[in-house]
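Engineer: Relevant sequence annotations retrieved from TrEMBL are reproduced here:
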TRANSMEM  16-36  transmembrane segment
TRANSMEM  56-73  transmembrane segment
TRANSMEM  80-99  transmembrane segment
TRANSMEM  111-137  transmembrane segment
TRANSMEM  149-166  transmembrane segment
TRANSMEM  172-189  transmembrane segment
TRANSMEM  196-214  transmembrane segment
TRANSMEM  278-304  transmembrane segment
TRANSMEM  316-339  transmembrane segment
TRANSMEM  351-372  transmembrane segment
Amino acid sequence: MNLSARIATELRGDRVIWAIVVLLAIISMVSVFSSASSLAYVERDGEVGYYLMKHGLILGFGIVVIYICHLLAYTKFSRWAPGLLVVAFALLLVTLWLGVDINNAKRWLKIPIIGLTFQSSDFAKLALIIFVARSIGSKQDVIKDFKEAFLPIIAPIIGICMLIAVNDLSSALMLFLICMLMMVVGRVAIQYIVMLVLLGICAFSLMVMIGARYPHLIPRASTWEKRIETYFNPERASTDDRYQITKAQIAMANGGLIGVGPGNSTQRNYVPSAHADFIYSIIVEEYGVVGGIAVISLYVLLFFRIVRLVTRSSKAFGAMVAFGIGMALLLQAFFNIAVNLDLLPITGLTLPLISMGGTSLLFTCVSFGIILSVSKYIEAVTADAT
């Protein structure tokens with residue numbers, strides 16, 4: 001058996017999604033090396049390849065995670081959903097109490113002995129999406145009922161999103177939006193969803209007002225207010241408040257149509273989080289508008305493949321979990337790129353499977369693995385039918 005045949009046998013599921021994973025991983029390695037090499041030179045005594053090696057190891061392990069998850073029957077995640085949700089609540093509560101405080105935000109938990117830190121919200125987002133998919137799938141017979149379907153679905157959504165919002169509002173809002181979209185697709189009564197969205201807007205406004213008046217209760221409220229004010233009134237914003245966006249805009253302007261070439265970025269030394277939140281601006285600087293459109297095209301192609309999975313799935317849970325996780329990846333990519341283009345306020349969200357990351361990258365890989373598991377099942381059913 002030749003290599004291509006062996007790969008085709010081992011890698012089941014949607015081949016196009018596998019190709020997207022590989023292409024995003026390649027873009028990630030090249031972009032992280034370029035964007036983080038100067039940082040590595042300064043912080044690691046001239047070892048310009050330090051972050052590339054570190055990222056490469058994590059990304060390589062992540063690909064293994066994708067492979068393992070795609071081998072699992074996706075229905076296993078449905079059975080694990082209640083337990084995963086309980087763990088998510090526990091981790092978020094522990095993070096509020098014992099989390100590592102960085103920039104007035106307790107988003108990270110530090111694992112004893114090994115010293116590894118991770119964002120509990122990454123686990124919670126995935127756990128909640130799986131749980132909501134399970135709930136919608138199992139309650140299709142009573143999906144329009146307020147007491148039997150809406151309340152059991154919405155209770156954990158509110159709980160998880162509120163716990164995340166304390167220190168990571170952008171992630172909480174994105175997760176809330178994803179869950180609302182899942183409920184719409186899952187045929188939950190639209191009047192209940194509209195009511196919930198209105199309540200969510202009121203709750204957000206109330207949190208901002210409380211934070212402004214009592215900053216010790218919600219320390220991050222001042223950051224939210226400043227970012228929103230900076231976005232809507234850029235002429236009033238200070239140079240420091242606009243620094244990240246300004247440098248990202250300069251980087252992309254330098255890129256022009258075809259870019260300055262791989263490794264030739266000049267703004268990587270000035271753009272904050274050039275290897276993470278603002279890696280897209282470095283990609284555009286080095287590969288131009290053409291490179292930027294190519295990255296967007298991969299995510300757009302992923303969107304259409306997700307839609308294809310949802311419409312072909314014979315099981316409600318499979319359709320909903322693929323839709324929910326797919327929307328999480330795509331909305332995160334959209335928000336990240338929109339921030340780089342100054343179309344949205346700064347969110348702190350990374351570019352899925354491209355930005356340098358640790359456990360967040362691994363949770364992204366788990367997400368891709370679950371999607372591929374669903375596609376593997378659909379392919380098997382289609383093959384049996386023929």
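Each Cβ is built from the backbone N, Cα and C atoms, and glycine gets one as well.
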Engineer: Can the transmembrane segment (56-73) be said to touch the transmembrane segment (80-99) if we require at least 3 CB pairs below 8 Å and skip pairs under 6 apart in sequence?
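Structural biologist: The answer is no, given that the two segments have fewer than 3 Cβ pairs within the 8 Å cut-off.
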Engineer: Are the transmembrane segment (111-137) and the transmembrane segment (316-339) close enough that 3 or more Cβ pairs fall under 8 Å, when only pairs 6 or more apart in sequence count?
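Structural biologist: The transmembrane segment (111-137) and the transmembrane segment (316-339): touching, yes.
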Engineer: Before we move on, state whether the transmembrane segment (111-137) and the transmembrane segment (16-36) share at least 3 Cβ pairs under 8 Å, counting only pairs 6 or more apart in sequence.
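Structural biologist: Answer no, regions not in contact.
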Engineer: Per the definition of 3+ C-beta pairs under 8 A with sequence separation of 6 or more, do the transmembrane segment (351-372) and the transmembrane segment (80-99) touch?
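Structural biologist: No, the stretches stay apart by this measure.
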Engineer: Cβ under 8 Å to the transmembrane segment (16-36), counting only same-chain residues 6 or more beyond its ends: which ones?
Structural biologist: 49, 51-52, 55-56, 59, 63, 66, 262-263, 265, 268, 271, 274-275, 279, 282-283, 286, 295, 298, 301-302, 305, 352-356, 368, 371-372, 375
